[in-house]
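Per TrEMBL, these features apply:
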ACT_SITE  Ser185  active site, nucleophile
ACT_SITE  Asp359  active site, charge relay system
ACT_SITE  His390  active site, charge relay system
DOMAIN    47-106  domain 'Partial AB-hydrolase lipase'
SIGNAL    1-23  signal peptide
Amino acid sequence: MVVSNRCWALLALVASIAAVAQASTIRDVLAYRAGDGPQPTDISKLTAEIIVNDGYPVEEHQVTTADGYVLTMFRIPGGPGNPAREGKNVAFIQHGLLCSSADWVILGPGKALAYMLVDAGYDVWLGNARGNTNSRRHIFHDPDARNTDFWDFSWHEIGYFDLPAMIDYALQYTGQTSLQYAGHSQGTTSFFIMTSLRPEYNERIRSMHALAPVAFMSNLRSPFVRAFAPFVDQIDWLMRMLGVNEFLPSSDMMTLGGQMLCQDEARFQEVCANVLFLIGGFNSPQLNRTMLPAILENTPAGASVNQLVHYAQGYNSGRFRQFDYGLTLNLIRYGSIRPPDYPLDRVTAPVALHYGDNDWLAAVSDVRQLHSSIRNPIGLFRVSDPNWNHLDFTWGIDADSLLYRRVISFMDRYN
């Protein structure tokens with residue numbers, strides 16, 4: 001046990017050093033985007049730059065949540081063959097843990113879900129949760145300050161505050177009353193929080209498409225989660241003692257590593273690929289290794305330590321419930337020694353659950369349990385590739401033909 005604690009302490013210390021080392025870079029990026037400084041020469045391409053380079057128009061929008069976080073959304077109102085116009089059906093897409101809006105455009109025109117939706121006639125909005133590269137702002141708290149309250153959130157707050165704020169903004173801006181929703185992984189978790197705790201938002205969803213849905217987690221197979229979940233309380237304590245509240249922030253070191261170690265002809269390219277496979281499941285034919293440097297330019301995009309802790313708590317308990325603060329704080333916050341379950345019977349929006357047999361983070365049995373817990377499921381839809389894994393939903397070579405076309409077809413039916 002002594003060895004384990006030393007290992008966790010070392011990991012926490014490394015994370016702390018990395019966070020401090022790259023803080024100035026993030027401040028430079030934010031200053032440039034606010035018009036208060038020169039463009040840094042060593043930063044990753046932002047979502048907007050990717051979209052412009054791909055020949056699509058893009059708008060950047062900010063919205064402030066009820067608890068003070070300033071979130072950035074990207075809107076693609078039209079495309080080369082489908083110009084912008086008023087009255088289009090709105091599609092809102094939300095990324096997963098440690099990711100950003102870049103996930104939905106990185107595959108490029110004709111392949112990425114965002115572009116396919118635009119080409120199908122949709123007004124597309126890409127969300128960014130609090131704490132990622134595009135949403136590191138708060139009206140009071142500094143994300144780079146020591147002992148800041150900025151990182152005091154999990155995916156509970158993303159579902160309760162972020163999604164409602166972004167959806168309300170997109171609907172008000174476009175003059176629509178409801179929209180189509182697609183989310184990956186944490187983008188599904190936060191949706192079920194929103195529609196269970198704020199059920200009025202069910203009426204604003206025409207249909208929801210859960211890609212690799214994560215709510216119940218007791219049967220996941222990812223060795224990373226299974227390894228740290230039993231020690232989640234100790235890890236949480238260590239991180240707090242060391243003042244480390246952010247997990248895997250976007251950094252130039254990751255970008256440089258992706259370019260040098262993971263590019264074509266690099267001897268370590270297969271190591272890069274296998275790290276991803278160990279997280280979400282092995283499916284070598286679906287990973288375009290040439291894209292690895294581009295993926296690592298945008299992922300990881302940063303998250304709160306509490307987001308990972310909350311998922312580990314779900315794995316340990318086998319329940320889909322609110323954050324566990326410990327007996328005393330649970331009594332103060334919830335009036336009970338255990339956190340309450342999310343009332344999934346209040347989710348009445350039409351929900352399609354898209355799953356893969358080889359998804360190590362969203363096990364088929366857990367997805368089936370979720371299906372039986374919501375009131376208005378469209379159905380369970382298996383991706384036909386038997387090796388389809390968790391990350392294939394956003395980066396898979398055949399995601400367009402095996403998944404996205406079906407998603408868009410269902411959306412069209414529910415307009």
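A Cβ is built for glycine as well, from the same backbone N, Cα and C atoms used for every other residue.
Sequence-distant neighbours of Ser185 (active site, nucleophile) (same chain, 6+ apart, CB under 8 A from its CB) are Gly96, Leu97, Leu211, Ala212, Pro213, Val214, Leu361, Ala362, His390, Phe393. Here Asp359 (active site, charge relay system) comes close to Ala212, Gly280, Gly281, Trp388, Asn389, His390: these same-chain residues lie at least six apart in sequence, with C-beta atoms under 8 angstroms from its C-beta. Per-residue pLDDT, averaged across the domain 'Partial AB-hydrolase lipase' (47-106), gives 95.
Around His390 (active site, charge relay system), a 10 Å sphere centred on its CB holds 27 further CB atoms from the protein chains shown.
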